[in-house]
């Protein structure tokens, strides 16, 4: 464990050194191809750095923050767009962070702009923030889930996958909450909320666009969706251009999730693309849903389906496709259920031998 934490520190020191270099490039070189060429080596380094970590938790989160979020922000920065173009090169490059501004700096910029500097509405922000009690409950639930993994040999396979889905949800939410507590201490920045009650989703559009993994949604919108819609509008017109945007967005998301899966599994030979197929399927179904909504509501003047019907259908479809495509490679190839238990055991032993004695029983 000490070795992995040491590697983690080296990785993040390297990351912030690279960001310092990119900050210098941005000061000297204007947006365009030359800036991209100078930043491209850093993008390659960010793809390599997570390979130094072998922990499912530390390596997976670092890959998500750096190989995905930071690299996409650097691509936008090379073009003079995105959060780094307005806030400068800082910690915002490696975390999905909002920069608070004074009221006089308010603008008409959309709220979800991939992490760019925005004014944070205290009332709106409070609605998305959960209480410390809720986070305490989630920590207890994670502990219960980890204990449940000891009985995977007698539990039904689908139940194990169901528990793992909630485990991923809780770990991501708790990790972002911890990072939010760290970076918001100064009062000038705050992490974007990662989830907004995805279990209440009334449609795939609601689930992927407004409730699930909002950090990814925020960065995919300027990187993939908007350019695709802009190009498609010129070719097929504005009515159907959003469908092209959805297709391109989910293709990019599929490729990046497959990359994240590789960081966690280190699978070789190349993957079977089941993880990518999961997102391609959802992209296609979301496009069909958008067309169906236009016919159902706009053309046929029918009211939307009640939440009592749409929520179970949406959430049920998500879990069904997870069991079909997402979890089999995650369990069979990545061995996530076994590795998660092992990592918690190692972390618990590390705390017991190093942190707890020093904190509660300091040497005289």
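Including glycine, each Cβ sits where the backbone N, Cα and C put it.
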Between 115-137, 138-160, 161-183, which stretch does TrEMBL give the note transmembrane segment?
161-183
According to TrEMBL, transmembrane segment applies to one of these ranges: 216-239, 240-263. Which one is it?
240-263
Integer average pLDDT (0 to 100) for the domain 'Wax synthase' (193-280):
90
Residue counts (helix, strand, coil, in that order) that DSSP gives for the domain 'Wax synthase' (193-280):
66 helix, 0 strand, 22 coil
